[in-house]
Every structure is written in structure tokens, then in C-alpha cells.
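A.B. asks: The structure follows.
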């Protein structure tokens, strides 16, 4: 009697290798949504000093809700931008921060307090300053892309190297000016240079939200293009894609997202790397239609969870960004040390 063979493991030619992987993805997404809702409720309603129904209760809840909106913007910007940037550069270690956005943010604020004093730095916390930073960051990226990615000698590695050199140069200028500041001015500047949702103002939303939504939606609609770009330049070209044009197009959108994130809250160097790396591990797919939404959701859970725990458990709001950067930096070192095995 011939033995009956066990049914072969069901596979799919879609975004996931197996049905089990697809179910696992949606289970993780559902768990992340639950965590996001729980942390959102905790940030808005938990430990409100005023009783429900009191006019001050609504004011406090509204202020906290604004912080939640900022976290959503930052999570989407960092998650989408980092995944897309790593796809275009074909490198999962570097992040968009390498292009000098954070160094430019630092030198703008350092130069303001160096030339005009601490009063000017506080006074320039307005919509005009926010828009000015956005324009400068996007212009910097456009100059790099048009200069180093167009023409017959366009080279991605040269662009990344130029971004690192510009970032290092701007950082040196900032350090020089910071050494001449008075201790009180340096303290004020340091507080501003730490990435924090408290740096954002509601008057920034009419500019930040539309830019974030448009850039993120376009990237999501370009997911199939990014899937081909991820195969590499030669393969993408053989499949009929203009790899250089697709790369420049994607990098411009990445620049918009990073400019919005950095101008809104300040430098968040390792947040994008952290959420993108976790998304790669949890999603178990190379399809950007699923990678980018998961990275954004993980980013919001990380931000909201960190702020809730540090605010309501440890009562240490000021160290949230430091903790996030420490965890992200540690993960960065782990990935580098394990790179030969991944």
C-alpha cells in the first residue's frame, strides 16, 4: 500500500512567501494597532489632574492630543522616508540623516543664537522659521541630487559621500559657534537641539500635515516601483525601468518627509533606523505596500509608548528622545556586528 504524502507547504507568488507569513503579518499589525490605541488613550486621558467634565480637563486633553498628532507625523515621516531611502541606496544600515538634514537644523539654530542671542532664538519659534528650515533642507537635497545623480557620471555613492561631508562640515561650524556661547545660551540651545514633540507648535500643522500626507501617499502608490528598484540597478534597468529617474523621484519625496520631521521636532537620528529594522524583521516581505505602513505604525508605537512610560511611570519626560536614540543606536551597532550573517 502506497503511503500518502503530506500536503506540500502552501506557497504564494504574492507579497508573502506563505499563507502563514501573511497571517503573521496581519496579526502583528493588529497587535500594533491595539498598542497604538492603548498608548493614545493613556497619553490623552490618563492621569489628567482635572475631573471629567471640568473645562480644564478638555484643555489638557486637547494639548495632549496635539502631541499625539505630532507623533503620528513623525512616525509616518521617519518610517516611510527611511524604508524608501534604504531601498534606493540598497543599504539597510544608512538612514536619510546622512544627507545632512540634522546638521543643517543644528547650524541654523546655533547661528541664530550666536548672531542674535537667546531672545532671537525664542522669538523665531514661529511658522516663518519652520517654513524657512523646510525650504533650506529641501533645496540642499535638490542641489545634491541634481548635481551628483544627473548626467552620465551620476553616482549614488558620490552623493552619499557628499552628504556626509556637508553634514560633517556643518557640524564643525555648529561646534565652533557653540564653544563661544555663554553657558546660559548654550543651555537654551541644547534644549532646542534635543528632538522632542514639545518643539512642535500647532501653527506648523497646516504646512506639515499636507506635505507629509502628499509625500507618503505618493511613496505608497509607488510601492511597486520601489519593489523593482530594490532588485538593484542592473536588474531594474533590464526590466525596462529608468532606475536613475526613479531614484531621484523617490529621494525628493524622502527629502520632503525628512525636512518636515526635522523642522517639526528636531533631530531624531536613530528613530528611522529603529522602526525600519523592526519592520523588516516583523513584516517578512519585500513588498513596500506592507513594509512602509508597518514601519510607520511601529514608529508611532515606539514614540507613544516611550512618552507614556517615561511621563507616567518614571516621571522623566525630558529623557524620552535620549532613550529612543540609545535603543536605536544600540540596535545599529548590533546590526553592523551581525551584518555578515544577515
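Backbone N, Cα and C define each Cβ position, glycine as well.
Note that TrEMBL annotation is computational and uncurated.
Annotations per TrEMBL:
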- 25-46: transmembrane segment (TRANSMEM)
- 66-85: transmembrane segment (TRANSMEM)
- 105-124: transmembrane segment (TRANSMEM)
- 130-148: transmembrane segment (TRANSMEM)
- 160-181: transmembrane segment (TRANSMEM)
- 204-222: transmembrane segment (TRANSMEM)
- 290-310: transmembrane segment (TRANSMEM)
- 316-337: transmembrane segment (TRANSMEM)
A.B. asks: Pairs of Cβ atoms less than 8 Å apart decide it: which stretch in 25-46, 204-222, 316-337 has the most with the transmembrane segment (290-310)?
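C.D. replies: The stretch with the most close Cβ contacts to the transmembrane segment (290-310) is 25-46.
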A.B. asks: Considering pairs 6 or more residues apart, do the transmembrane segment (160-181) and the transmembrane segment (105-124) have at least three CB pairs under 8 Å?
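C.D. replies: Yes, since the transmembrane segment (160-181) and the transmembrane segment (105-124) share at least 3 Cβ pairs closer than 8 Å, they count as touching.
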A.B. asks: Do any residues of this chain, six or more beyond the ends of the transmembrane segment (316-337), have a C-beta under 8 angstroms from a C-beta of it, and if so which?
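C.D. replies: Residues packing against the transmembrane segment (316-337) from afar: 92-93, 194-196, 266, 268-271, 273-274, 277, 302-303, 306-307, 310.
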A.B. asks: Go through 25-46, 66-85, 204-222 and flag the stretch with the largest number of C-beta pairs under 8 Å relative to the transmembrane segment (130-148).
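C.D. replies: So the stretch in question is 204-222.
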A.B. asks: Six or more residues out from either end of the transmembrane segment (204-222), which same-chain residues have a Cβ under 8 Å from its Cβ atoms?
C.D. replies: 69, 73, 76-77, 80, 84, 127, 130-131, 134, 249-250, 253, 256-257, 260, 263-264, 288-289, 292-293, 296
